[in-house]
Amino acid sequence: MNALGRHILAEIYGCDAAILNNRNLIEKIMVESALEAGAEVREVAFHKFSPQGVSGVVVISESHLAIHTWPELGYAAVDVFTCGEKVNPWDACNYLTERFKAKHMTATEVKRGVFEEPVKVANL
């Protein structure tokens, strides 16, 4: 691979508002999505806003997953950034879309740390 990692920017629409407004459930689903993708979870931090919305991050050995929700719009903005080749960020995005009971998801993949020559990084 000539890139250090893959960064998925996902727009998830038509989600269940009750799910998107539940901090504990969002944290659980985000951790599950990281594990579903084959990642190793290191740390988590989530915050519930008033009157609604949740933001959070799951730090993984391979990078991170982040989310910001707008329950009133049924919308979640999700970033899944993974380094190396053993973790598939699309698996996490698809898992989240399913668990949020979303109507649809659009996403863009960005290669991060692109080098002209193949790179070899320890433990990746």
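Backbone N, Cα and C atoms are what each Cβ position is placed from, and that goes for glycine too.
Per Swiss-Prot, active site, schiff-base intermediate with substrate is recorded for Ser63, and the stated evidence type is sequence analysis. The annotation pyruvic acid (Ser) is assigned in Swiss-Prot to Ser63. The annotation active site, proton acceptor is assigned in Swiss-Prot to His68. Residues or ranges marked as active site, proton donor by Swiss-Prot: Cys83.
According to DSSP, the residue listed as 'active site, schiff-base intermediate with substrate' sits within a strand segment. Every protein chain considered, the tally of other Cβ atoms within 10 Å of the Cβ of the residue listed as 'active site, schiff-base intermediate with substrate' stands at 21. The local packing around the residue listed as 'active site, proton donor', expressed as other Cβ atoms within 10 Å of its Cβ over all shown chains, amounts to 22. Note: the Cα of the residue listed as 'active site, proton donor' and the Cα of His68 (active site, proton acceptor) are spaced 22 Å from each other.
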